[in-house]
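Undergrad: To start, I am sharing the structure in question, which I have written as structure tokens.
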Amino acid sequence: MLQIYNTLSKTKEVFTPLVGNQVRMYVCGMTVYDYCHLGHGRSMVAFDVITRWLRHRGYDLTYVRNITDIDDKIINRANENGEPFDVLTERMIAAMHEDEARLNILKPDQEPRATDHIAGMHAMIQTLIDKGYAYAPGNGDVYYRVGKFAGYGKLSRRRVEDLRIGARIEPGEAKEDPLDFVLWKGAKPGEPSWSSPWGEGRPGWHIECSVMSTCCLGDSFDIHGGGNDLEFPHHENEIAQSEAATGKPYAKSWLHCGMITINGEKMSKSLGNFFTIREVLEKYHPEVVRYLLIASHYRSPINYSEENLREAKAALDRFYNALKGLPEAAPAEAAEYVERFAAAMDDDFNTAGACSVLFELAREVNRLRESDLSAAAALAARLKQLAGLLGVLQLEPEAFLQAGAEGKVDAAEVEALIQARLEARAAKNWAESDRIRDQLTAMGVVLEDGKGGTTWRLAD
């Protein structure tokens, strides 16, 4: 029985789809003005694992993740670069897809872009105006009337009265209330804009997601996800817009993943304390980065550090060493391990608990390989199958172990040195053999001489 923590109710609930076996999930995606940082990677990987598990459980899942391709940050960066905004966004979208592929992230079923849904935004805004939830003061802007929506604050547990304390209307804004937020922004000189019933302009951020989600999944759907920094105001405002416009409940369950932190602060571009996925992948194998992101529960924060990445590498080394050198085999039944793995994942997608089951499996594989190679191989196949549900341990063990965490060793150079050492040993040139071994050790390479020849791996 799958249970998920619903931010809306602040409780763990038994998951029941709205319609039969169908699950419709929308996740807030990237604002594509720069390369993805590791915090974005955390959200991508978290909902990738959730997607894999829902499908494994037999649900008919439709996964939608949007792209915000018009925004103040995009306009500012394009102006800084001296390029059209859509040239910038196309380049960043391509880079995002490359990062995802390297982290073994499955593609969403749909990936709508905000600029493809302008007409839908006009329609929802007009509906909100007609119902009295929005107003156009005549300056080209359109605002949402927060005080009219009785349920405002129900996701984030904020009270409108408390939010008004200290709130103020900025110069140039034509709001009725400091809490009102923009649905449509009147055009400014030199900015991209679209025609609308209220004049040239562009959409506000919040209306984009309300329109894209309901367009792709319907007025009501099962799961809405994103980083926990989006809970307020973005997701709160989405609920206010969508439920006022449709008169129906918006998303049944809200899932929020924790942040990547550095020294206790959220990793973010605005704070300048971020590492792009690309920068991290220059030093660490993609699977090391992915494992770091799944080793903790998706709602927990992850502290970014070199030490934590090295620990992730060491964990994967243990797994791949358990899988190494075993023949192909059908997966063992391993009912107890399978049931405990499933119990962890059914408990709000508890990947940390699932990984602990994988470690127990790896220990048992290592124990069995000394006495029953076929049983070890079958259990290893089950280990690989379960790990695949988390998107890890699908490489050839030797390939991963030789690639290492940092990828700075040239495999061809290592193989050439090993061959030279074998030739030195055959010629009984022990001094040369030892010199080559010392050279390899200095490179971080560990040699393992066995009956089948010499294999190598990188030191932990």
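Here the Cβ of each residue, glycine as well, is placed from N, Cα and C on the backbone.
Take a look at what Swiss-Prot says about it:
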type	residues	note
BINDING	CYS28, CYS209, HIS234, GLU238	Zn(2+) binding site
BINDING	LYS269	ATP binding site
MOTIF	30-40	motif ''HIGH' region'
MOTIF	266-270	motif ''KMSKS' region'
Undergrad: So if I exclude everything within five residues of the ends of the motif ''HIGH' region' (30-40), which remaining residues of that chain have a CB under 8 angstroms from its CBs? That is, six or more out.
TA: 67-69, 71, 73-74, 76-78, 88-89, 92-93, 95-96, 99, 227, 259-260, 266-269, 274-278, 280, 289, 304
Undergrad: Hey, of the binding-site residues listed (CYS28, CYS209), which one tops the CB count within 10 A?
TA: CYS209
Undergrad: Under DSSP, is HIS234 (Zn(2+) binding site) helix, strand or coil?
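TA: The three-state answer is helix.
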Undergrad: Determine the minimum-neighbour residue: among HIS234, GLU238, listed as binding-site residues, which Cβ has the fewest other Cβ atoms within 10 angstroms?
TA: HIS234
Undergrad: Report the DSSP secondary-structure composition of the motif ''KMSKS' region' (266-270) as helix, strand and coil residue counts.
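TA: Its residues fall into 0 helix, 1 strand, 4 coil.
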Undergrad: Within the motif ''HIGH' region' (30-40) only, compute the mean pLDDT.
TA: 96
Undergrad: By DSSP assignment, list the helix, strand and coil residue numbers for the motif ''HIGH' region' (30-40), in that order.
TA: 3 helix, 2 strand, 6 coil
